[in-house]
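S.K.: Just passing along the structure, written as structure tokens.
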Ligand SMILES: Cc1cc2nc3c(=O)[nH]c(=O)nc-3n(C[C@H](O)[C@H](O)[C@H](O)COP(=O)(O)OP(=O)(O)OC[C@H]3O[C@@H](n4cnc5c(N)ncnc54)[C@H](O)[C@@H]3O)c2cc1C
């Protein structure tokens with residue numbers, strides 16, 4: 001069924017007002033192909049999940065699809081591994097909870113990330129030292145041009161930090177219909193990152209199970225990140241920038257407490273730290289602001305429009321550039 005002039009204000013976690021000219025929520029590959037077939041020549045096409053990583057800058061013309069294919073299918077391979085195939089419309093954290101409850105490890109660090117399984121490869125979601133790419137085997141898609149089914153092996157997805165070929169080089173060419181992951185029964189959990197390292201500093205790694213790690217991740221995320229249902233936001237609004245080693249040295253001389261991590265192209269800086277030091281933590285501009293506890297999260301205090309988001313993002317980027325000579329790149333995708 002195709003809905004006309006559909007309200008999208010509840011379909012994006014920043015709660016920006018927007019409408020879709022035509023909207024469908026296909027729940028099978030056949031329904032998806034059917035919806036695609038209604039598209040007129042040159043008609044714009046947009047694909048959404050739960051709208052937790054987008055900025056809706058006005059109404060979406062043409063056809064908007066929210067792939068709603070369900071299903072979590074486990075195929076155990078011996079005692080130690082399982083291949084899990086998941087429909088694009090499955091809520092990501094429902095999947096994580098299900099795998100952890102069955103004792104499979106691999107997704108526990110990615111607990112409570114909003115959104116759908118289908119969107120997860122788009123920006124190679126990551127948290128607490130783990131990325132989707134670490135456990136992904138393949139991505140099933142439908143090619144927009146001719147409706148063909150195309151499977152991408154993980155190695156061909158051009159995954160990078162919050163990036164993939166679906167987000168960059170071949171953006172708009174494929175609709176993700178499902179993903180397949182490889183999970184393990186045994187082996188160590190990854191707790192060497194950020195708050196998890198402190199939480200489990202005294203624990204024997206062999207005694208940890210994925211349920212314990214999931215619980216710790218949930219507690220830490222709930223204490224740090226604003227819930228979009230209470231304070232609309234799109235998570236981290238900027239990526240952590242990578243600068244050259246020489247640039248890092250210059251900054252470190254002026255700011256000895258600078259937060260940075262080695263990266264293959266230089267040093268990765270903590271964008272939240274830069275934004276805080278540029279004076280934006282907890283500061284508002286009109287109805288939007290940078291969160292008072294998490295400077296990296298742009299929040300809608302009520303009634304914001306895309307122009308308000310744009311103005312704040314530009315002001316933050318300008319101040320960070322002026323103070324640190326660092327360009328911040330926005331993480332959420334702007335549509336249309
Ligand atoms: C509070 C909060 C915390 C967050 N924490 C994290 C975090 O820790 N780590 C992290 O990586 N991200 C995080 N995010 C960002 C977000 O959760 C992820 O990017 C998530 O994968 C987006 O899923 P979605 O279904 O909401 O996608 P949407 O926001 O609806 O879409 C995002 C992009 O993916 C494309 N897309 C969506 N579905 C498909 C599909 N089936 N086929 C093709 N393209 C598609 C869309 O066109 C769009 O460009 C956070 C967001 C919030 C609000």
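Each Cβ is built from the backbone N, Cα and C atoms, and glycine gets one as well.
TrEMBL lists 162, 331 with the feature active site. The active site, proton donor annotation in TrEMBL covers 236. The feature domain 'FAD-binding PCMH-type' is assigned by TrEMBL to 16-186.
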S.K.: Can you tell me whether DSSP puts the residue listed as 'active site, proton donor' in helix, strand or coil?
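M.R.: SS state of the residue listed as 'active site, proton donor' = strand.
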S.K.: Can you check how the pLDDT averages out over the domain 'FAD-binding PCMH-type' (16-186)?
M.R.: 97
S.K.: Tell me, how many other CB atoms lie within 10 A of the CB of residue 162 (active site), whichever protein chain they belong to?
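M.R.: A 10 Å sphere around the Cβ of residue 162 (active site) contains 18 other Cβ atoms.
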S.K.: Rounded to an integer, what is the Cα-Cα distance in Å between residue 236 (active site, proton donor) and residue 331 (active site)?
M.R.: 7
